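Everything on this sheet refers to the single structure shown next.
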Amino acid sequence: MTTEIHKAGTADGWHGVITPGGDFPPEAGRYHLYVGLFCPFAHRVNLLRYIKGLTSIISLSVVGPYPKGDDKGWPGWKFPASDTEYEGATVDHLFGSEYLHEVYFKADKEYKGRYSVPLLWDKKTGGIVCNESAEMLRWLPTAFNSLIPEEKARIDLYPSPLRSQIDEVSEWMQKDFNMGVYKAGFATTQEGYDAGVVPVFAALNKLEEIIASNGGPFILGKQMTELDVRAFATVIRFDVVYVQHFKCNLGMVRWDYPVTSNWLKRMYWKVEGCKESTDFRHIKENYTKSHAGINPHAITPMGPYPNIDEGFEEDFSKLRVGKIKLPAVLEYQSKV
């Protein structure tokens, strides 16, 4: 190994990169991805497998959506005993592990961090490549271009002309939206919740405006970018869990954000991998059955119904631009 990708015996994650000529070169069948279908951050990476045509190149194991473990994450995500025990979840196809933490300890017996998904494993070296979704979101789309068909290799989610916009939007999207729902949802005081929920809807207001101003069908216009992958994993969960479970109930995407709702439906029904990588049962049951402090009786609501509406408008100019007009939201939005 020519570069250190993890500080052994610490809570540090793994920061390897698959790249030609590097420690982890692109090879079909060499790498194995561990995900949870409930997790938006793992969803990003799994969605990339589909978009870039990597499902036959990177194999997959899927942990169950619950139980989660204690507040410190122990023993963590569990694999089902068989591939039929919980639909969509799988056994650990590499090692037959009962818990994901066993895979982490194979890479570092003294690891002190969380046993999170996604986790990308290298079968050849017998270690972890990376467990940081934001890093994989950036390099995975080009990592296997030499091995995939030209039409898939041409898909560039970080194109040079749009990079400054992608970087600018990614900063507030990650802070206020992707992580913002968790800040609101896990708040333990009224003040913490009030401070957490406002940025979420300021970000949704901003996202609605950006998609509308660029005319769709993607966030920055005609070309899909990593922003669409980053946003999809959070927006697809918004109405079904974040509104009720995380109390992000100032509005719903399907009713209050016509443009973002249309973008979401078009992504889900038209972009390869969006529907295939989304499992609403895993999503709903994970949040509602693994957060005892929020939902002590682990009751999973039936709604909303349907999980996502069918049909979308190709002409985004015909859509009303929505907004949550709560003064605190508008004030925060003005600073984004």
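We count from 1, first residue shown onward.
For all residues, glycine too, the Cβ spot is worked out from N, Cα and C.
Whatever TrEMBL says is automated annotation, not expert-curated.
For CYS39, the entry in TrEMBL reads active site, nucleophile. Per TrEMBL, the feature active site, proton donor/acceptor maps to TYR182. Residues or ranges marked as glutathione binding site by TrEMBL: TRP77, ARG114, TYR115, SER116, VAL117, GLU132, SER133. For 38-142, the entry in TrEMBL reads domain 'GST N-terminal'. The site 'Lowers pKa of active site Cys' feature in TrEMBL is assigned to TYR242, TYR287.
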Checklist outcome for this item: Between the C-alpha atoms of TYR182 (active site, proton donor/acceptor) and ARG114 (glutathione binding site), the distance in angstrom, to the nearest integer, is 17
Checklist outcome for this item: Cα-Cα, TYR115 (glutathione binding site) versus the residue listed as 'active site, nucleophile', nearest Å, comes out at 13
Checklist outcome for this item: Between the C-alpha atoms of CYS39 (active site, nucleophile) and VAL117 (glutathione binding site), the distance in angstrom, to the nearest integer, is 7
Checklist outcome for this item: Students should find that the Cα atoms of TYR287 (site 'Lowers pKa of active site Cys') and TYR242 (site 'Lowers pKa of active site Cys') sit apart, in Å rounded to an integer, by 9
Checklist entry - Which number gives the other C-beta atoms within 10 angstroms of the C-beta of SER133 (glutathione binding site), all protein chains shown included? => result 27
Item to check | Integer mean pLDDT for the domain 'GST N-terminal' (38-142) | outcome: 97
Next on the checklist: If I take the alpha carbons of TYR242 (site 'Lowers pKa of active site Cys') and TRP77 (glutathione binding site), what is the distance between them in whole Å?
Outcome noted: 21
